[in-house]
Amino acid sequence: MVTKKIVILTGSGVSAESGVATFRDQGGIWTQYDYRDVATPEGFASNPGLVHSFYNDRRSALPNVEPNAAHIALAKLEREVESSGGNVTIITQNVDDLHERGGSVNVLHMHGELSKSICTNCNAIRKCNVPMSIETMCSECSRSGSLRPYVVWFGEMPRFMDEAMDAILSADFFVSIGTSGSVYPAAGFVSHAHAVGVATMELNLEPSENAHLFSDTQYGPATEIVPDWVEAVVRQM
Ligand code: APR
């Protein structure tokens with residue numbers, strides 16, 4: 001099959017071997033925090049200081065982690081497919097910047113980005129280079145206390161959904177990597193792909209909650225199975 005348009009959904013499992021915590025595995029983020037306290041608008045309203053420190057801690061760890069072989073392989077896939085006239089779209093649930101630092105360019109962060117802030121007064125989205133607090137001033141509108149992490153919380157609308165759905169519904173191949181398939185709308189993408197006849201594959205450490213919906217599956221650590229899969233796709237081109 002000459003693959004022209006590949007859409008790849010990634011979750012925290014693709015960054016796990018870089019040292020970035022997943023959410024629902026043993027020792028995962030949601031085994032240490034109640035998501036209602038740190039990843040909902042209600043949690044932010046009732047204790048913004050706790051939410052800022054939760055994201056400040058995760059943001060400050062970013063410079064100390066590096067893209068792994070899976071991120072680098074996906075960037076190579078994007079370059080190879082593009083050079084043959086096709087394209088690769090990564091739709092990531094991750095808020096880290098490891099896909100970009102690994103060389104990927106066409107990346108849609110549907111759950112936002114840890115490295116950025118958004119102003120609730122003027123909607124400016126800016127790189128966040130200092131720990132954020134309720135006093136931090138917006139560099140665009142100079143309002144203090146209006147910045148929040150540029151991260152999509154539970155109950156909020158993910159970003160880039162139109163672009164994501166357009167990509168999925170016109171893809172030749174939909175691949176899910178490193179996600180438990182437990183959070184919608186991302187967990188429903190495979191059903192949309194399948195409904196229009198797009199070939200689907202799951203690459204994960206273990207079968208996800210919607211593994212049965214994929215026409216092909218491969219299991220193992222992302223740094224092993226993703227580079228092998230990319231090599232196989234590139235060889236077929
Ligand atoms: N290689 C491949 N897959 C792995 C690895 C690895 N080294 N380590 C873990 N995994 C897999 C796990 O088997 C699991 O299926 O990655 C998945 C991680 O699942 P979750 O912890 O649920 O993370 P994720 O699917 O990204 O969560 C989705 O939930 O809380 C929200 O916004 C948050 O974006 C996140 C969303």
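Here, residue 1 is simply the first one shown, and the rest follow in order.
Using N, Cα and C of the backbone, Cβ positions are placed for all residues, glycine too.
A quick note: this is a predicted structure, and the numbers were derived from the prediction, not measured.
Listed in TrEMBL for this protein:
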- HIS111: active site, proton acceptor (ACT_SITE)
- GLN93, ASN94, VAL95, ASP96, GLY178, THR179, SER180, ASN204, LEU205, GLU206, ALA222: NAD(+) binding site (BINDING)
- CYS119, CYS122, CYS138, CYS141: Zn(2+) binding site (BINDING)
- 1-237: domain 'Deacetylase sirtuin-type' (DOMAIN)
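Overlay of TrEMBL annotations on the structure.
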residue : record                       : CB count, 10 Å
GLN93   : NAD(+) binding site          : 22
VAL95   : NAD(+) binding site          : 24
HIS111  : active site, proton acceptor : 21
CYS119  : Zn(2+) binding site          : 21
CYS122  : Zn(2+) binding site          : 12
CYS138  : Zn(2+) binding site          : 20
CYS141  : Zn(2+) binding site          : 12
GLY178  : NAD(+) binding site          : 26
LEU205  : NAD(+) binding site          : 17
ALA222  : NAD(+) binding site          : 26
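Checked against GLY178 (NAD(+) binding site) by C-alpha proximity, the recorded positions HIS111, CYS119, CYS122, CYS138, CYS141 yield HIS111 as the nearest. Candidate binding-site residues: CYS119, CYS138, GLY178, LEU205, ALA222. Those with a Cβ under 6 Å from ligand 1, in sequence order, are GLY178, LEU205, ALA222. In the shown protein chains, 22 other C-beta atoms lie within 10 A of the C-beta of SER180 (NAD(+) binding site). Straight-line distance linking the Cα atoms of HIS111 (active site, proton acceptor) and CYS141 (Zn(2+) binding site), rounded to a whole number, equals 24 Å. Of VAL95, SER180, LEU205, ALA222, all annotated as binding-site residues, the residue with the shortest Cα distance to CYS122 (Zn(2+) binding site) is VAL95. Of all the binding-site residues in the record (VAL95, LEU205, ALA222), the one with the smallest CA separation from CYS141 (Zn(2+) binding site) is VAL95. Looking only at Cα atoms, CYS119 (Zn(2+) binding site) sits nearest to GLN93 among the binding-site residues GLN93, SER180, ALA222. When the C-alpha distances from CYS138 (Zn(2+) binding site) to the binding-site residues GLN93, VAL95, SER180, LEU205, ALA222 are tabulated, the minimum falls on VAL95. Per-residue pLDDT, averaged along the domain 'Deacetylase sirtuin-type' (1-237), amounts to 96 for this model. Residue annotation for NAD(+) gives GLN93, ASN94, VAL95, ASP96, GLY178, THR179, SER180, ASN204, LEU205, GLU206, ALA222. The furthest Cα pair among them is separated by 22 Å.
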